[in-house]
Structure formats: C-alpha cells, structure tokens
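Colleague: Have a look at this one.
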Amino acid sequence: MASLLKVDPEVKLKVDSFRERITSEAEDLVANFFPKKLLELDGFLKEPILNIHDLTQIHSDMNLPVPDPILLTNSHDGLDGPNMKKRKLEDREETFQGTKVFVMPNGMLKSNQQLVDIIEKVKPEIRLLIEKCNTVKMWVQLLIPRIEDGNNFGVSIQEETVAELRTVESEAASYLDQISRYYITRAKLVSKIAKYPHVEDYRRTVTEIDEKEYISLRLIISELRNQYVTLHDMILKNIEKIKRPRSSNAETLY
C-alpha cells in the first residue's frame, strides 16, 4: 500500500519522530499530569478566596459619587396657564437625556480587584486544559487504524474518546468567552452609572453581576477539575482498546 503514494524518506522520518513525541507526551499527561492537576484544582477550590459565603465581601466601590441635585425652575417669562404646563413637559423630556461625561471625578473606574485576581488565576488553567486536551486528542487520532471491515468496536471507543476531548476543548473555550462578556457587561453598566448617577438600580446591577461572576468562576474551577477527573478515568478504563483497537473481542465501553 505504501507504494501507492511516494513519501520522502526524510519527511517520513520526521513525521514518525513527531508521532513518537506526541505519544510519549500524551501518555505522560494521562498517567501523571491529569491526576496531579485535578488534585491541584481541588486544593484551589478549598482556598478562602473561593469560599466566601457573604457575597457582600466581594463588592467593590464604584468610585462614582452621587452629585448634588440640580435645582431647576420651571417659571418662564410670559408663560402661564396651559402654555406653562406645556413648557414644563418639554423641559422634563429634555432633562432625561442623561449627563454628558467628559472626565471621571475620581479618576479611572477600576475593575473589581478581587474578581480580577481570581480571573488571572483561572485563565491560565483554562488555556492549559485546552492545550493538553489537544495533545491527547491528537494522540488518540493517530492511533485510529485504517478503515476496514470486521471488529471495529475498539475504533468506536477511540472515536468516542476523541469526541469527549473535543467537547472538553469547546467548553473550556466558552469559559474564556464568558469572562470577556463579564467585563463588557460590567463596563456598559458602569458607563450607565456615570451617565445616570442618581439611578440606584444601575449600581445594584453591578453588584449583582459581580456576585454572579464570583459564583461562575468557582463553578468554572469545579468544571476544570471534573473534566480532568473524567478524562483520566475514561482513558484509563479503555486504554487497552484505545492503544490496540482490534486486538481482542468486543467489550463494553466501561
């Protein structure tokens, strides 16, 4: 079959070397890195910063004071009766356009520093999981034999493993999107507070979003740990079929 396609011997040697490197790295990931990482993340979940029960402790100062109300008089020369009422309604509509903000009174509006600290620890863990899953996925894909009739149950287990690894990659990538959406949503709300400083609901919404993000970050760390547990367990239970898909009779997946 090799004669049907001419392959440069030097290139083939480099490809074989790459396959060996991927195999060695992936097997070490499954056997050693995954269990160590799940224990590390489990320990992270027990740290005090991730076990705050009173969520008011993660609230941050808006640094946007409520300005004194501006007193407006609705009396206009030469206007009284119905004309004056009409002018009052027009003035009221004009005052709801919000405040033009050219500079913040107390300087830059900072993010919630406690959440930023957690995010800066979580993001590298997310990227690491994506990278390691990609390596293990490539390893399993390289182990899939050529398509032929007969006992393909082991191949189906390999494909199932690849699908699970791909799902974990996608979910981990969605965590990064979630963090970006938090920053964007919070920035828009803070801008609203700057424009409408007297509206308390905007201020309350920012604290609600911070609380929600804190809970979400803890959930993300839990999911990262659980994904390491699941992948480690699934691959170990099926390692014989993954490495030698057609070496024995069909067995159940687990």
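Glycine is no exception: its Cβ is also placed from the backbone N, Cα and C atoms.
According to Swiss-Prot, the record shows the following:
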- K6: N6-acetyllysine (MOD_RES)
- K14: N6-acetyllysine (MOD_RES)
- K195: N6-acetyllysine (MOD_RES)
Colleague: If we count other C-beta atoms within 10 Å, could you say which of the modified residues K6, K195 has the fewest?
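Modeller: Among the modified residues K6, K195, the sparsest Cβ neighbourhood within 10 Å belongs to K6.
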Colleague: When you measure from the Cβ of K14 (N6-acetyllysine), which residues in the chain that are at least 6 apart have a Cβ under 8 Å away?
Modeller: none
Colleague: For K6 (N6-acetyllysine) and K195 (N6-acetyllysine), determine the Cα separation and express it in whole Å.
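Modeller: That separation, Cα to Cα, works out to 69 Å.
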